[in-house]
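Per TrEMBL, the features are:
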| type | residues | note |
| --- | --- | --- |
| BINDING | His161, Asp184, His186, Asp188, Asp287, Asp289 | Mn(2+) binding site |
Amino acid sequence: MGKIKIVFAIPGVYNYDDEKSASLQDMWGEDWAFNGVNTFAHLNHTKCLLNPEEHFDIGIIGLPFDTATSYRPGTRFGPRAIRAASQRQNSLRSFNFRAGYSPLLSWAKIIDCGDVPITPMDNHIALNQMTVAFDQLLNYTSNSELLFGKPPRYIALGGDHSILLPHLRALKKHYGKITVIHFDAHLDTWLPTSYPSFWHSNQSEFTHGSMLWMAHEEGLLSEKENNFHIGVRTRLSGSDSQDYDNDDLQGFKRIDADDVWLKGVEYVYNTVKNQISKQEPVYISVDIDVLDPGFAPGTGTIEPGGLLPRELIYLLRKFEFLNIVGADIVEVSPGYDHSEITATNAAQVVFEIMTSMTKKIDFEKNSFKTKTEKHQFLLKQQ
């Protein structure tokens, strides 16, 4: 784009004659937080499902789906709310002082992939749509050699928590079985018999509280018993701990909300670090109801006594050592939110996950002493 000479004056007030000239980008290319069409963090936007030739490294993808909920609906509007709440994030001010790193000015090309168009009429079709969408998205070519041989990585904006299942299905085809770190007030490994209904169908098994059980049944989860729930504090079914027994059989370890409070975030970090290796593929799933309702009122199934935002942010940052191949933030229901509190916390979750995703690879890239070491690192990513 050519340069233009800027000459303008406001008589008696201002006179400006810029002999250096400026481009239109210089003049009009920077937005304030409240300007423009909402994409996540003002990222460039493309409908990734319609543009398979687009090369990128991390995609923000919305899944506006909420017909697998068991209580308050409304999370189909979650992606829109999270994007709106992210508008103070942009490349001009993207340095994450907690991590000492800027994900939006990193090696990674990060874009907003828009939303998956999902029917609200039929959950059987909806699950198929999401499964096919993630299969397609994870067959794209990444932009950077640092993801050599692997597809772009996605952070999904929910939507209810059931959107995790189709994402894991697609990831397993590329990485093998996936280790899940699940921040949530609830187990989400509920058996279908845990729900109070005589009426049953195969489709009724797919809910926002059973998708981890389905993932286990489909063989998607790590068998090393490396999977974690963090922040659990829900009531259980019946009169005993059978739900926990079933959870144990599915390979999960539990760090409940009281552990985070009384034992501290360093205890949580060290427990995870001692269990999960730096190279195994990890999926981080954050249900916003892991936070105390005072910080996340805009969600479907609130539970008192949750985490503080600073505890969640700290842990996401400390998990930068993990090989995060996918992630989500789910269960934001803006109809119950106040002053964008819930959505703003959700947008911060995305920012922290983006930081940890990019920083790990950048750190390892810069630690190479020889081309051979770099080549060996790239081979490990295959």
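Heads up, the Cβ atoms here are built off N, Cα and C, so glycines get one too.
Automatic prediction, not curation, is the source of TrEMBL annotations.
Shown on the structure are the features that TrEMBL records.
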residue: His161; record: Mn(2+) binding site; Cβ within 10 Å: 31
residue: Asp184; record: Mn(2+) binding site; Cβ within 10 Å: 26
residue: His186; record: Mn(2+) binding site; Cβ within 10 Å: 25
residue: Asp188; record: Mn(2+) binding site; Cβ within 10 Å: 27
residue: Asp287; record: Mn(2+) binding site; Cβ within 10 Å: 27
residue: Asp289; record: Mn(2+) binding site; Cβ within 10 Å: 30
Those same-chain residues, other than His161, Asp184, His186, Asp188, Asp287, Asp289, found with Cβ within 8 Å of the centroid of the Mn(2+)-site Cβ atoms are His182, Phe183, Ala185, His208, Gly209, Val290, Thr301, Val330, Glu331
